[in-house]
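Annotated in TrEMBL:
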- H522: active site, proton donor (ACT_SITE)
- H522, N523, S524, T525, H526, D563, D698, Q750: AMP binding site (BINDING)
- H526, H562, D563, D698: Zn(2+) 1 binding site (BINDING)
- D563: Zn(2+) 2 binding site (BINDING)
- 22-33: compositional bias 'Low complexity' (COMPBIAS)
- 445-792: domain 'PDEase' (DOMAIN)
- 1-41: region 'Disordered' (REGION)
Amino acid sequence: MATVVMEIDPEELSGSSGGSPGARAGRRSSLALTPEDEPLVDVANRSPPPSYIPSALLYAPPEPLELLCVFPERASRVCAAASAAASRVGGEARTVRGLRETLELLRRDVDPRLPHVVVIDARQPQSLDAIALARAIRGIKNTQHIILIAVVKKSAYLKDDFAVLPFLEAGYNRVMVETLGATAWCAEMLQARSAATAARAQIGAVAALAAAADRSRDLVAVTDDQQRILLTNKSWCRVLGWRVEEGPRPFTETAGGEALRLASSGARDWEAPVTLRRRAAPDPILLPCRGAAVALTRSTSHVVFVCEPTNAMDGERGRGSLHSIRRGSLDVRSVASDGLRRTSLAKLQGLPLEAPITKVITLLSAATEGAPPSTVACIERAVDMLRTSELYSPQMKDEPKLRVEDPIATDLIGALLSQGPTNIISSRRSSNDSTVVRQTNRTNIKHKTSGQLRELLDTALTWDFEIFRLEDMTRGRPLTHLGLTLMGQRFDLCGTLECDERTLANWLTTIETNYRPKNSYHNSTHAADVLQAVAFFLEKERLKCLLEPLEAAAALVAAAAHDVDHPGTSSAFLCNSLDPLAILYNDVSVLESHHAALTFKLTLSDDRVNIFKNLDREMFKTIRHNVIDMILATEMTKHYEHLAKFVNVFYATSGGSKEDGLQADVSKTDEPLSLDTTALSLPENLVLVKRMMIKCADVSNASRPQKFAFEWAKRIADEYFLQTDEEKAKDLPVVMPMFDRATCSIPRSQIGFIDYIIMDMMEAWAAFIDMPELVSHARSNHQRWRELDEAGVTTIAEVMRAQRQYALQSTPSNTTTTTQPTAEE
Ligand SMILES: Nc1ncnc2c1ncn2[C@@H]1O[C@@H]2COP(=O)(O)O[C@H]2[C@H]1O
């Protein structure tokens, strides 16, 4: 139906003054009246309003469980079991003995520790009337979300099938038979916490929407499907002379007109006039009304009426003007913080410079204007978080389980992600193992390759490239050979950098010589492996289109040199031992700074190795900047920062899933990521791609076929163990105490590494360059580590034994397949 729009006189509508139709003036309304006041109605030709609570409103930050036990007997073992379960799942328990104490605790006006769960001993009615207590708790405001659990005797069930009913009717959510079982209580606590958190979020959302209605200058009423009024807002009460919180009453007592007919017709969304009776005045008023039916199922559950007051009512509003309604609704705290925010905003706006984060904070702060209190609270929290400088530092989510149950993963991830010295330094000694630039005395390499080596190098661009075979065949100098093949021949680095092949060979030899062969992991085989991964990635269409030859060259150089002179111990170790490198770099990005600086020191030290010597100043500046940036990006303390930036820029966010995306869980990997291709055209985003490329290459071992992944896992564990040995021998803080060769579970460390470091990153990168095998290998490695863990395998020797058997079983005809590559040549 077409809507007839005409000017109407609000005073006439309100019935409070005469006024001829010809004298109509006032605001526009989509409500149309004929001169005879016959309403023409605009019905439901727009999209219907939402019949759901928007998910953003249901956001509930994870909270540690708060348990309240009400047990008359202090020494109750059941109470102790429930409390122990609460702490097992990372929460806290308090115990009270009776009704009075419980109610006192719950009635405290602002108790931030309002319990999620109350467990009540219902086994001895003579000591505690559990039914009365539940009723009393449910009678207190804001306790609807609390999960009440009654503990009953087993005999209660056996005697009477319906024994639970009085408890449920009194307001309990669950009835539990008394038990001391830790598992049963833990399960109960976890379920109860999530039910309570969800319920609290729902109630908060409803309260927020009620608050929004309350602050509207429109007259708002909500009825049920029987047209009984359930909720009215302040404007409604003021104009119609109602008391706030009048109980349910028939809407027809108060309202009439076309609006009512439409509401009862089941229309989803309509506009029509409504007549409303005022208690203090004889004449009803006629107001334009917008209505909506809320239907969570097929049938309507609620109908919302929003009636526009007329200008003539402004006089009646008193403190109900828009301004005074808003101000009146704010409490002292929110006014104060609002004021403070404005002051600091004003200061920020006065500055000539504005960082993007300032713009974001300004926008968010502006969005609190007129928003309901719960939304304001959410935004304020978000702004507080944005104001910290550690935006990308990960914090364990609600995963206290990890800490308790998987100390090895906690150790590893904690050590990878934390920077600087370990907190307590029990003894400080300078390291004898100072890092010095070793001059290479092997500038001449035998560049010719044997037939077998040539054959192997021909497969250099396959994802199952036999890197350990290359290590054997080249007697520990895989980087030079692979570098000449990939950088020299495949990517024509000499053409891009305008250097001769001899210089490239010298450079590779120099870099390789400065890797330490004593390291089981951080040696030149790792450098070659990362170089190979980068070269493999560069072959992908997406990167071929995006990167210039100079950028590709920078990536290869960075990959080859990214861990040069790695001492085999972590930055934290260097800081703890006051190593000269830690002193030089002030405990900040110690190793990566050293790798980048040494790369240039070695390269520029001699024209015979200087692959950059023919570049002009600008090109040199560009490649130097790129190489440094990529090497620094391999620092694991910045892992989440780089990953989050990459994901935020290149993937469209949907429903907050990207925030969750950083939570490790290899089981939830089915959602396709949707690439935002517009971001690709912005040159400033390329740096994120390059960082991500080297980062993924650096830890790609976990995404390689199993036999390689397992060998790398063995090597890194060996290196970690040596560090732990050295820390103990030198009385230094032990950075990863769980990495003790006698006790450490290799499978568990790998499961943690894949869960928390690899999976999300590989998913994002694999989708970006279209390389699904990165994810599939990581998943199948994860699966195999789990099998080994479940089989009780822990040490390196056990892993290797199990893998040898596994290889024999899965390829019975191929008896040469082992996880340890055989030496050749
Ligand atoms: N398979 C693995 N298991 C555990 N840690 C690993 C593994 N691969 C790489 N790492 C760690 O990830 C880090 C990446 O940066 P680094 O090469 O400096 O040091 C690496 C190791 O500490």
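Yeah, the Cβs are placed from backbone N, Cα and C, and that goes for glycine too.
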Please report the Cα separation of Q750 (AMP binding site) and H522 (active site, proton donor) in Å, rounded to an integer.
17
Give me the count of other Cβ atoms within 10 A of the Cβ belonging to T525 (AMP binding site).
28
What three-state secondary structure does DSSP assign to N523 (AMP binding site)?
coil
Where N523 (AMP binding site) and H562 (Zn(2+) 1 binding site) are concerned, what is their Cα separation in Å, rounded?
11
Of all the recorded positions here, H522, H562, which one's CB has the most other CB atoms within 10 A?
H562
With Cβ-Cβ distance below 8 Å and at least 6 positions apart along the chain, what are the contacts of D563 (AMP binding site)? List them in sequence order.
Y515, H522, H526, A527, V530, L591, H595, T634
Largest tally of Cβ atoms lying within 10 Å of a Cβ, found at which of the binding-site residues N523, Q750:
Q750
Restricting to the domain 'PDEase' (445-792), report the mean pLDDT as a whole number.
92
Between the Cα atoms of H562 (Zn(2+) 1 binding site) and S524 (AMP binding site), find the distance and write it as a whole number of Å.
10
Neighbours of the Zn(2+) 1 site H526, H562, D563, D698: Cβ within 8 Å of the Cβ centroid, same chain, sequence order.
H522, A527, V530, A559, H566, H595, T634
Identify which of the following binding-site residues, namely N523, S524, T525, H526, H562, D698, place a Cβ less than 6 Å away from any atom of ligand 1, and list them by sequence position.
D698
Can you give me the same-chain residues 6 or more apart in sequence from D698 (AMP binding site) with a CB-CB distance under 8 Å?
V530, H562, T634
